[in-house]
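Peer 1: Below is a structure I'd like to ask you about.
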Amino acid sequence: MRLYNTMTRTKEEFKPLKDKVVNMYVCGPTVYNYIHIGNARAFIVFDTVRRYLEYKGYTVNYVQNFTDIDDKIINRAKEENTTEKEIAERFIEEYFKDADALGIKRATVHPRATEHIDDIIEFIKILIDKGYAYVVDGNVYFETAKFKDYGKLSHKNIDELMAGARVEIDEKKKNPLDFALWKAQKPGEPAWDSPWGKGRPGWHIECSVMSTKYLGKTLDIHAGGPDLIFPHHENEIAQSEAAYDQPFSKYWMHIGYLNVNNEKMSKSKGNFFTVRELTEKYDPEVLRLFMLMAHYRSPINFSLDLLDQAKSAYERLSNAVVNLKHLANITKDRELSDEEKDLIVKFDEYKKQFEEAMDDDFNTADAISVLFEMAKTANANLSGNSSKKLVEYILEMFLKLSDVLGLSYKNAETEIEDEEILRLIEERQKARKEKNWKLADEIRDKLKERGIILEDTPEGVRWKRIR
């Protein structure tokens, strides 16, 4: 199994530090609003990575934090005349509603920054004691010039970073690239006691503290959105490696950017979509499938037209499941014919192709193509006369591989009940006996409209669902 490591810019053989255990940290949301589709892409992709690792037999310790104190949360609390805690609690709850709808599994731990203030203070003390941080007027800053590898993740040297840094001029800093580990209290803002006076933690330190607390000083995988490479992940590396003198993470994974109608998503352009507003109109699994139909590192363009295409694609998969479930109910248990044994071999090959796609840097786009091939082959070769063993084997495999992608087809329902189909077939047979060809054709057409194809054979009428 190989994955692309942002740090080395190459695909590497995946070998976790401990056999069959993966310690994985994903940067979670700042909880001041509903999550948007850019957030959702990251959470869906890394949930899928986790699911595939579990499918392969790994135990995955999956930690995803909540940033529950931040300027955006403070501003929203002021706007609504409420507390930061109330805003954070509300949007953590809303996050879980969206995540559950999208089939995103709960993390092993969902730590919150405000519950780790003591740990953060202890971590900052280590950095001060080792000479990597300095205190000015109740603020504590990390001194980037002291960390010789600063810029190694974004592949930039300090001079390049300085030239491109859009940093507020802060007279307190020794260097514009230095960043706050602890921020002195401002009037009206929440604050905690510390050796440097009342204040609150900086954003970057929170992730270093929470990831290492729950997963150890070196992680297997650290993952997030492309906008986090610099400065957030770069700063996490600097803090963590300065504190512990060992690599912070073995592998770094980042998704590609998501644009809307070929433009960067922004509220001012009116092309901003939250997960909530889309899942009110579309099955959440359609949005999930859309996100996985492109390779996770590729940029992705979002539009409602493209989402409609994903909806049609999802319906093809969903209808295959409906058809397979129906056949599992009506077929008889008997030994497999030679043709059916060949089909088993063919589906085992599909499973291998699916795994090969996922083993190659989690290529969900190719894996989904395999599911479509499976659906097509099942629809073309299975009927009410197939062996129950064969149908159940294919159904179980299809659902298991779909589950790796987080697709359960839970809303897939049979559009027409089996009893109704059999009743109409009987009616048609009666019409044929009476040579009432017009009525017989009308019944056939009526069933076809509802996704049922009839086939007249010497053994009798066979039927199957096509959607």
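The backbone N, Cα and C atoms fix where each Cβ goes, glycine too.
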Peer 1: For the motif ''KMSKS' region' entry in Swiss-Prot, name the matching range from 169-173, 174-178, 184-188, 264-268.
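Peer 2: My reading of Swiss-Prot: the motif ''KMSKS' region' range is 264-268.
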Peer 1: According to Swiss-Prot, which listed range is motif ''HIGH' region': 29-39, 51-61, 293-303?
Peer 2: 29-39
Peer 1: What residues in the same chain, six or more past the boundaries of the motif ''HIGH' region' (29-39), come closer than 8 Å to it by Cβ-Cβ distance?
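Peer 2: Same-chain contacts beyond the ends: 66-68, 70, 72-73, 75-76, 87-88, 91-92, 94-95, 98, 225, 258, 260, 265, 272-276, 278, 287, 302.
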Peer 1: Which residues, same chain and not among Cys27, Cys207, His232, Glu236, have a CB within 8 angstroms of the centroid of the CB atoms at the recorded Zn(2+) site?
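Peer 2: After dropping the recorded site residues, what remains is Trp203, His204, Glu206, Ser208, Ser211, His222, Gly224, Leu228, His233, Asn235.
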Peer 1: Express the distance between the Cα positions of Cys207 (Zn(2+) binding site) and Lys267 (ATP binding site) as a whole number of Å.
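Peer 2: Counting only the Cα atoms, the answer is 27 Å.
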Peer 1: Can you tell me how far the Cα of Glu236 (Zn(2+) binding site) sits from the Cα of Lys267 (ATP binding site), in Å?
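Peer 2: Their Cα atoms are separated by 29 Å.
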Peer 1: Could you round the CA separation between Lys267 (ATP binding site) and Cys27 (Zn(2+) binding site) to a whole angstrom and send it over?
Peer 2: 23
Peer 1: For Cys27 (Zn(2+) binding site), what residues in its own chain, 6 or more apart in sequence, show a Cβ-Cβ distance under 8 Å?
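Peer 2: Listed in sequence order: Gln64, Asn65, Cys207, Ala223, Gly224, Gly225, Leu228, His232, His233.
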